[in-house]
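Heads up: the structure comes next, in structure tokens.
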Amino acid sequence: MSRGDMAKPLLGHGSTEGDPSVTPASGRTIGVLGSGDFARSLAIRLVCSGFKVVVGSRNPKRKASLFPSAAEVTFQAEAVKKTDVIFVAVFREHYSTLCDLADVLAGKILVDVSNNTEINHHKESNAEYLASLFPACTVVKGFNVVSAWTLQSGARDGNKQVLICSNNQEAKRTVAEIAQVMGFTPVDMGCMSSASEIENIPLRLLPAWKIPIFLALGLFLCFFTYNLIRQVIHPFIREQKNKLYKIPIEVVNTTLPCVSYVMLSLVYLPGVLAACSQLYYGTKYRRFPDWLDQWLQHRKQIGLLSFFCAALHAVYSLCLPMRRSHRYLLIETAVKQAMEKKMNIWVEEEVWRMEIYISVGIIALGLLSLLAITSLPSIANSLNWREFSFVQSSLGFTALVVSTLHTLTYGWSRAFDENQYKFYLPPTYTLTLLVPCTVIIAKVIFSLPCIRHRLLRIRRGWEKGRYVKFVLPSATGEYSSGETSSNV
């Protein structure tokens, strides 16, 4: 991206226009202590946003060529004297090297952008440690969740939020103005005690995905083992046939739709359990158990993993005819039919079953694709709450129903064929129907007028057993008060 593009922050200066209490931050001099990758990216972004930048380095002559020509690179003491807002872009271990500048730094605003290598590696946060070394300064924690790449490429290519915390409101306001001019969205996280939480954010690796990923892997291993027993081990023991070649493609392709189907049903099962809880207790204000609360919060990730497995299943299915083993089996079947002089092998029932099976599967994959697309923040933000709820709830439940039809047409009459029960184990698809059918039946029951009306009342604030006050006129014309249960 050219610097001309970088010079156009997404939020621009318009965010502070029209407010006489806000002084435009652009044009002021900003100091940067450090000459690493983040310091260089920060200096580039500040210069392109209209700031005057002074970089403090222990080796200014050697480091000057790494920074934009508009930035002044000088010694640390000289840089500190020329500005009141200084970004400290050095590691925590090097904070002590700045102690010689304590007198010059007095009264300055220090913006700590550092991170740790491990979560909660130190008892106190880096920002709190910096504040203890320089008590005469005002320390603000910020910009640590923004990468050097985002600074160079512009806020449009990364997370636009800049988390800020400090014990000084005026200092936070100053840093927030700088972030806005740079094209970012400042988010006030409170006082300095929040610094540890902010510093831990960049170190977390997909925290919201951990449980759904382990759930998907667990389901995959269970179904894969089950299919391995039925498709590979059973023919080897009973018929002495080597079916190991089925493992890479066929066994995996049989496992993926099972995982996708069950994961999709697990997206809507916690909603069913939550509705049952609200109906049982007659209130929406009773807190759900922690496990149910966590389950509800991970529905988006579970749904995306369901779509991922469904997409892989579609690709694997398209590749099935390409296998050499499949070609050998076709030739072998054709030779047998020729030797038996079978001229017409058309089976009307199987033809219709396969046509319906594939058609319904394509529709199910299309609905899952729509759900996945609308879960993206850029798409979700363009929808109002009713539209988003319709897509994720109504269309999502439709996707579950269509997936159930896809599974049933695959099974067709196979569930009643005793040859399908290998080692007395039922076909895999019959196992996958348990949870989805439970969800569908529960949804149908909740749609009954009597239950639906009661559930809507509860979600609008009605509570079972709640007493409400009422006022009745007495025989003398005066009004008397009383209580009655809301159940009456």
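Even glycines carry a Cβ here, placed using N, Cα and C.
Small disclaimer: the values here were computed from a predicted structure and weren't measured.
Under the heading domain 'Pyrroline-5-carboxylate reductase catalytic N-terminal', TrEMBL lists 29-116. If you average pLDDT over the domain 'Pyrroline-5-carboxylate reductase catalytic N-terminal' (29-116) in this model, you get 94.
As annotated by TrEMBL, domain 'Ferric oxidoreductase' applies to 259-392. Secondary structure of the domain 'Ferric oxidoreductase' (259-392) per DSSP, as helix, strand and coil residue counts: 110 helix, 0 strand, 24 coil.
For 1-25, the entry in TrEMBL reads region 'Disordered'.
Per TrEMBL, the feature transmembrane segment maps to 211-229 (among others). Cβ atoms under 8 Å from those of the transmembrane segment (211-229) belong to residues 247, 251-252, 254-256, 258-259, 262-263, 266, 294, 298, 301-302, 305, 309, 422-423, 425, 428, 431 of the same chain, restricted to positions at least 6 beyond its ends.
The transmembrane segment feature in TrEMBL is assigned to 261-281 (among others). Listed as Cβ neighbours of the transmembrane segment (261-281) (distance under 8 Å, sequence separation of 6 or more from its ends, same chain) are residues 215-216, 219, 288, 292, 295-296, 299, 302-303, 305-306, 309, 368, 396-397, 399-400, 403, 407, 432, 435-436, 438-439, 442-443, 446, 451, 454-455, 458-459, 464.
What TrEMBL lists as transmembrane segment is 302-323 (among others).
Long-range contacts of the transmembrane segment (356-376) within its own chain (CB-CB distance under 8 A, at least 6 residues past either end) are made by residues 260, 264, 300, 303-304, 306-307, 310-311, 314, 383, 388, 391-392, 395-396, 398-399, 402-403, 405-406, 409-410. TrEMBL lists 356-376 (among others) with the feature transmembrane segment.
Summarising the annotation, TrEMBL assigns transmembrane segment to 429-451 (among others). Distant neighbours of the transmembrane segment (429-451): 226, 257-258, 261-262, 264-266, 268-269, 272, 275-276, 279, 397, 400-401, 403-404, 407-408, 410-411, 415; these residues of the same chain sit at least 6 beyond its ends, with a Cβ under 8 Å from one of its Cβ atoms.
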DSSP helix/strand/coil residue counts for the domain 'Pyrroline-5-carboxylate reductase catalytic N-terminal' (29-116): 39 helix, 23 strand, 26 coil
